[in-house]
Amino acid sequence: MSILRGTVLHLASVSNQLNTACPCRKEEFSVIIIGLDGAGKTTLLEKIKTLYNETPGLSPDKIGPTVGQNTGTIVLPSTILQFWDLGGQRGIRNIWHKYYGDCHAVVYVIDAEDRERLSEGWEVFDGVLSNPQILGVPLLLAANKQDSPQSLSVDEIRHDYEDWYQRKLESARRTRYGEADSNTELAMRRERIASLDVMGVSALEGTGVRAAVDWLFIRVQNSRRDAKNPS
């Protein structure tokens, strides 16, 4: 049994208008939150808990490095989102792929303030995009720490990744074969980058977090609908 499917959700009944509006059983979706250590993944998850649950999440001063995983659940109209915050240390990243097969969406958190680790962040992000299990899965790039004046903007984050990938391809052309293959790969990746959703958030202050959850809600619903009604 997979890691995600092996977890049982224990949800208390919620007596509010959102739930009573839909007496049917809510659909459950799993969302994984990944990124480098220190990017703010756990802070983001705890802020989501605070914004959507009666019991608030941990305050930032009580959050330490994630060793393994943290989980959280929120209830939305017709939908339950189960979040999995996975540790980002180098030795833990090799377990991420075990979650890909059962997740319905991915949030990759990049530290927009830590420019010294951007290249490392893009290297890891590129590996995520290259995994075939991620194809067709809604993926959100969350540019975190927008509360800091030193942080790159959403447009700057997108351009920084595009520049990084272009440099990677140019380096590969010099050391490997097949410029035609590289051009094909570049065209495919440019298409993926062009459709990539990048949103600015501040996990610390909560700015942009509700918009990110709204994005997840819409995308997992659309993805499920497309799976049920293939063209």
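Yeah, the Cβs are placed from backbone N, Cα and C, and that goes for glycine too.
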Q: Name the one residue among Gly87, Gly88, Gly101 that TrEMBL lists for the same GTP site as Gly35, Leu36, Asp37, Gly38, Ala39, Gly40, Lys41, Thr42, Asn144, Lys145, Gln146, Asp147.
A: Gly88
Q: Provide, as an integer number of angstrom, the distance between the C-alpha atoms of Thr66 (Mg(2+) binding site) and Ala39 (GTP binding site).
A: 11
(Q) If you pair up every Cα among Gly35, Leu36, Asp37, Gly38, Ala39, Gly40, Lys41, Thr42, Gly88, Asn144, Lys145, Gln146, Asp147, the residues annotated as binding GTP, what's the maximum separation in angstrom, rounded to an integer? (A) 22
**Q.** Intrachain C-beta neighbours of Asp147 (GTP binding site), sequence separation six or more, cut-off 8 angstroms
**A.** Ser202, Leu204, Glu205, Thr207
**Q.** Cβ neighbours within the same chain of Ala39 (GTP binding site) - under 8 Å, at least six residues apart
**A.** Gly88, Val109, Ile110, Asp111, Asp114, Gly121, Asn144
Q: Determine the most Cβ-crowded residue among the binding-site residues Lys41, Lys145, using a 10 Å radius around each Cβ and all protein chains in the structure.
A: Lys41
